[in-house]
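Asker: Quick paste of what Swiss-Prot says about this protein:
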{"type": "BINDING", "residues": "Gly75, Gly76, Thr77, Gly78, Phe79", "note": "pyridine binding site"}
Amino acid sequence: GEKDKRPFSIASSPCRHEGELELHIGAAEQNAYALEVVEAMKAALEQDGEITIDAPHGDAWVQEESERPLLLIAGGTGFSYVRSILDHCVAQELKNDIHLYWGGRDECQLYAKSELEEIAAKHNNVHFVPVVEEAPSEWAGKTGNVLQAVEQDFDSLAEFDIYI
């Protein structure tokens, strides 16, 4: 019902997902609501059923005319929002430097890490920085809080267009 509605950021970009809606839902054991959403979606898919969604209510877009570098910051499944922005920028071949910082408790929470590393390898203007709070000894990324990692890497953010 109406009281069961929850917001999920859309990860799909109009450039990459024509006719599809991609959501990133953190359905961990401690998040009963997210698990229920995932189970309801699975059941609807298996039974050729329907899921009712409410249209997006946000008003976010990339300032394409800006020549400033972009700083995309996300934690956990909040990555879906910056994923959509990154996809759009890559599809539009924006030349701005793009710095994407994505943080999670541990590496397994960075579920699209290899894909982002591939994107960064293909596009010289894309810089991906994974950040984990709990790192194994062989971890090559940053450790700690994602916002602290950004703070450590930049003296000032005044010259950036920031999406968080």
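All residue numbers here begin at 1 and follow the chain in the order shown.
The backbone N, Cα and C atoms fix where each Cβ goes, glycine too.
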Asker: In sequence order, which residues at least six apart in the same chain have a CB under 8 Å from the CB of Gly75 (pyridine binding site)?
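Answerer: Once residues fewer than 6 apart are set aside, Gly75 (pyridine binding site) is near Trp102, Gly103, Gly104, Val146.
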Asker: I want to verify one value. Collapsing DSSP to three states, which class is Phe79 (pyridine binding site)?
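Answerer: In the DSSP reduction, Phe79 (pyridine binding site) maps to helix.
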